[in-house]
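So the structure is just underneath, and the comments pick up after that.
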């Protein structure tokens, strides 16, 4: 048996090797194409203004002009925007951490009539396009005087995000029901089971949710664009867009600012890559 | 469906005992119902306040003339009639969005699938390739839009520079040319295809190795294995990607808004549906008209999803593991 399979594998070996070699070359080419935009951003961020108008444009700056970074963070109140964005991001993370695991527990380890129906309702709400709720919510928040505050950006997250609830629920389902049932027989209350048994077991999933929310708050554009008026209140994404609409030719500064905006995310991603990929996998596959 | 009385099956007592028990069980059920509702209460409140109410309100607004400052004035279906018969920019933005969806959804899925297939082979440095392909998805949309403007700048951008230096080609106007603007945006969505790649890759790794071994014994080559094992088993993932991408592409906003300053130029070729909706609502302050557009978008997305679900005969489900709602 074994030898048969072995020799069969041996005969086709070269075609397999050839395909793999072609794949490798293709992947290398694609990787280079994927990296080049970053490289161009980085190199532009170090060029002098006159070099931007060169034809054909060279990849490398004549001298590394680190000054651009200093200029970029002083042209716009960069650190103020970073601080604002951080405040919104932290508030949002707190919101989803309080609401989403709680709801996911109610949708997984407690058996109650109507649960599965409401869960389907929740999944269907993911399909609702944002513009449908955008206008009435804007009117509502305007009426209670929340325009130009961070409340419309943060508060809704304390009421759960269907996508994260779904992700956490899928994760909670991997914890055997016997475990929570045993705790119930021992007389533990539901809040206690949730707090002392489920939550400590689901730290990786919680980390994934934190990451997703960080990414979404950090990059969010439409939300802050709608609700923030004073430039003092702007987030970094809106600030960058404003800067672009006022100085749309100063790409050396725009690229420096974009680099500062992007690098923290890439560093964080690199540190927690595995959790992140697992999170995507969990929702992407179980969603089928 | 959910068993209402989970413990009933283990009962063996007489009828009297059973009656007592069923009273006790209905108490248990009630308690579970109470706790269930308490735990999901944040979402329930949010569903009412941040989803159900706005959906209803937006339908009501769509039947009015409303500019926030003054109270809404009832106009019936006028907003819908106007946008469907007397608004060139509406039809332009809708057709732009549909064209871009038709261009981008199949291409992105095919590219993501192809990349995942290659990464799933035993190639060197797989983890590094995966990271490189995934990282662009992390770039915030505003930065991405500005980056793309500069890369594809017709005069000084590096893309036309390279085309000239390597091939002697005078590159096109990219985002400044109405015929090239959508393909340039397509290239941007291909650069950020990593999310789909990761999901496909996970799906590929879920396929039991035994199926490939069986195919090996039958003497199947790489192409045959891909066609008869990999693709059928991945159809659920392809299906999921299809639904998700269509919903997302119909709501495309940030990148084209930043690139064009909201104008959708050149020749309105980058004016997408939600950009025009945003303009109606927050530039012209026509909340009623914009709400009508939002509802129409909702119906379009719903219709697309229904059509995909109805025609999902090609999706292969193995072992009854269908749906997320069944208990695992």
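Cβ coordinates are placed from backbone N, Cα and C, and glycine is handled just like the others.
Here is what TrEMBL says about this protein:
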{"type": "DOMAIN", "residues": "A:82-272", "note": "domain 'ABC transmembrane type-1'"}
{"type": "TRANSMEM", "residues": "A:21-43", "note": "transmembrane segment"}
{"type": "TRANSMEM", "residues": "A:86-105", "note": "transmembrane segment"}
{"type": "TRANSMEM", "residues": "A:117-141", "note": "transmembrane segment"}
{"type": "TRANSMEM", "residues": "A:153-172", "note": "transmembrane segment"}
{"type": "TRANSMEM", "residues": "A:193-215", "note": "transmembrane segment"}
{"type": "TRANSMEM", "residues": "A:251-272", "note": "transmembrane segment"}
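Sequence-distant contacts of the transmembrane segment (A:153-172), counting only residues of its own chain at least 6 positions beyond either end whose CB sits under 8 Å from a CB of the stretch, comprise 88, 91-92, 95-96, 98-101, 103-105, 107-109, 119, 122-123, 125-126, 198, 202, 204-206, 208-209, 212-213, 217, 220, 223-224, 227, 279, 282-283, 286-287.
Tallying C-beta pairs under 8 angstroms between the transmembrane segment (A:86-105) and each of A:21-43, A:117-141, A:193-215 places A:193-215 first.
Tertiary proximity for the transmembrane segment (A:21-43) is limited to same-chain residues at least six positions away from its ends with a CB under 8 Å from its CB atoms, namely 59-61, 255, 258-259, 262.
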